[in-house]
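Trainee: One structure coming up, written as structure tokens, with questions to follow.
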Amino acid sequence: MYGKCGSLLDAQNLFDEMLERSIFTFNAMLGAYISNGEPWKAIELYAGMRFLDVPPDAHTCSCVLKAYAAVEDMCSGKEIHGYAIKSGLVCNDVVLNSLVSTYVRCNNLTAAELLFDRVSGSGDVVLWNLMISAYSENGMIKEALRVFGEMQNAGVAPSTYTFVAALQACRELFSGMQIHAFVIKSSLCLDRYVGNALLVMYSKCNRTEEAARVFANMGEKDSISWNSMLAAYVQNGLYDESLDFFHGITSSGQQPDQVSVISVLSACGKSGNLLNGMEVHAFALKNGMELDLQVGNTIVDMYAKCSKTSFMESAFGRIPEKDQISWTTIIAGFVQNNFYTKALQSFSEVQTKGIDIDKMMIESVLLACRGLKCISIAKEIHGYIARRELSDIVLLNTFVDVYGECREVDYARNIFGQMEFKNVVSWTSMIACYVHNGLANEALELSFHMVKAGVELDSIALLSILSAAANLSALKKGKEIHGYLLRQCLNIDESIASSLVDMYASCGAVDNSYKVFNSVKDKDLILFTSMINAYGMHGQGMAAIELFKKMVAENIVPDHIAFLAILYACSHSALVDEGKRFFHIMKHKYYLEPWPEHYACLVDLLGRANYLEEAFELVKSMEMEPTSAIWCALIGACRTHSNIEIGEIAAKKLLEMDPDNPGNYVLISNIYAAAERWEDVEEVRMRMKVKGLKKDPGCSWIEVGDKVHTFITRDKSHPQCDEIYGKLSKITEKLERDGGYKAETRYVLHNVEEEEKVEMLHGHSERLALAYGLLSTTRGMPIRVTKNLRVCGDCHTFTKLISKVFQREIIVRDANRFHHFRDGVCSCGDFW
């Protein structure tokens, strides 16, 4: 009696006072110890009992087995098993159940299986329940459901616990629905424990409607029922329904508890529903729940996801005893909202307080390092986790990502190379690292090894690989990736389609871009914008405008990026009036305030068309401070149209704003060189030298076969160097003889002799790539060349003549746009 009432001390005193103790007395005391959570005292009493030669009975064995199970002492449990066999007690259902339970609790499922198999003909439902539960808890789903099936075949009537254990094992809808059918037949469908298990099962299988039907049909509901249904809505992304259900809890006379509040706060955070989140916060405050640690942590997380960092900090400050999760949540919140410095300050505070640092916290801190490009702290953390052996694949992948973002490619490559196991994220992170750092060749090579290693490309990997192919203008590689998508029957969603459109456009195949665009049934703003940008890149401004009109007609509202794309298209097609009109409707019809990039596009458009005074007035009238890109656009136009006066004003502004960019000095030097002001040219170059700045060399590349070949100005590193220069000389001679070519040395912006100027033009990188293309491809094949800088006027003329004399289509992508050369004519109309 005392033991069952929790008065263990009274029970023990009474037991000690007894002069004579029978097996029943010992069993009563053993039961008292077990029921009051004192397994070691039960074991000690059993040892004393054996010392007194009191023979154990079935109840004794059951109690002692429970004690050994509680302390996970399997060896002693086996001794009891031996005694039970010798004494014949092993046939007792109570002993059998306790033996199976002990083996299960001690994680020895093999022994439990052997014992169960010998007695599975038993009609004892408890024994069957034990095995189903054991398999379920150990993740052995098939085995749990197999035993449940065998139980039906054996004619053993399932109990409430049977259904609960079997439903917990279900991961697939079909099995769950089968068990649900058994529940209905067994008349236990109104049992709240079974009902709760059904709710959880349908939630896991993303069948919220079925869960709602089960909930509606349940006779008796407890707090677990209400919270399970609420969690089902949240877990399946039905956030509005979860809020309605939360309000329904109170209107039905129930009182939401902490679990309810945590679920609905999570829904508010995930949906960004600040207003309802604040309402639930007020409810928690009113009902004294805010001081609950889990509720407090969830409030912090909700405000973080709603981008209300001031509220997040305030809620964090009100948590009385903050734990590791509290600090991890606030650090992650700062990172999510781009407050990287505050995230690192919080991390520093964590260290001073001696709070344990877990992997989730480290991951957030690493993302803060990435945001700040703070490589020193990232390296410190790398050393920290290496010393404490905390590394796992998630953290290692994050390190690859962080080092890549911070342009520490060698560090990223070393981590990737040392990883024993690589998942798709590992490969994708390394490919993205290469792409981000301009190593497109390496990115494509790694993607080949990824496929060879049997790792399937996911959408994120494909986006990075397509970006690499686009950067190299590697059409063949891009087509291979597109083919892989089609062969694998992968879903080409809007993001993948947009990347394919961009890749084909960047490789000079704008017709292929349109085919991809046209193949997508439901086109979104991003896909339309990609196609408009593709047309603009290729100088097809009118096609871009028509597509923009079609987009608006389909009730898709253009954003800043869409207007940037259409202005870019107008700029590269000399559509001055149209460009000015789009700039106007962006401001006055769609009420979008122009970004500096929009102004730069309009200045570029006006400048290219020789409306330099209007372009300069636009810059002076800007409400914001003009950026370096705007001054660069103006200087470029001044150089093209030889306007030194405005060019010098723009140059002064540019160098004040961005004095460490070598490209700016080159632009200014070229203006002076075009006007033959060689002393000014020399002064600009001297300023570059003093600052230790170097001009980016001209670089061109061409894809031939399975390889991308790269050429630098006057490059002689290619294995076929002699053949290439020999071919180039023959091409030049033929163009001079049959095409009337004469070198335009005014495009050489150096004060050297005329003969040397001709030699300098002869060594331009795009000519070397063209010569290699003519040398290595069959007659009639298009030649595609990409250059990192703007094509000079003489090379433009040279390429036009090649297309005519050699009857080749040539597609050249320079820093500004695409040029399609056919029969001596360029698609740009000599406007670039």
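Glycine too: its Cβ is placed from the backbone N, Cα and C atoms.
Pasting the feature list from TrEMBL:
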REPEAT    22-56  repeat 'PPR'
REPEAT    124-158  repeat 'PPR'
REPEAT    222-256  repeat 'PPR'
REPEAT    323-357  repeat 'PPR'
REPEAT    423-457  repeat 'PPR'
REPEAT    524-558  repeat 'PPR'
DOMAIN    740-832  domain 'DYW'
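What's the neighbourhood like for each of these?
Mentor: Non-local neighbours of the repeat 'PPR' (22-56) in the same chain are 2-4, 6, 8, 11-12, 15, 63-64, 66-68, 70-71, 73, 76, 83, 87, 89; each lies 6+ residues outside the stretch with a CB under 8 Å from one of its CB atoms.
Within the model, the repeat 'PPR' (124-158) carries an average pLDDT of 86.
Residues of the same chain lying 6 or more positions beyond the ends of the repeat 'PPR' (323-357) and with a Cβ under 8 Å from any Cβ of it are 293, 296-297, 300-301, 303-305, 307, 309, 312-313, 316, 364-365, 367-369, 371-372, 374, 377, 384.
Distant neighbours of the repeat 'PPR' (423-457): 393-394, 396-397, 400-401, 403-405, 407, 409, 412-413, 416, 464-465, 467-469, 471-472, 474, 477, 481, 484, 488, 708; these residues of the same chain sit at least 6 beyond its ends, with a Cβ under 8 Å from one of its Cβ atoms.
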Trainee: Let's see if you can do this one: DSSP helix, strand and coil counts over the repeat 'PPR' (22-56), in that order.
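Mentor: So the repeat 'PPR' (22-56) is made up of 26 helix, 0 strand, 9 coil.
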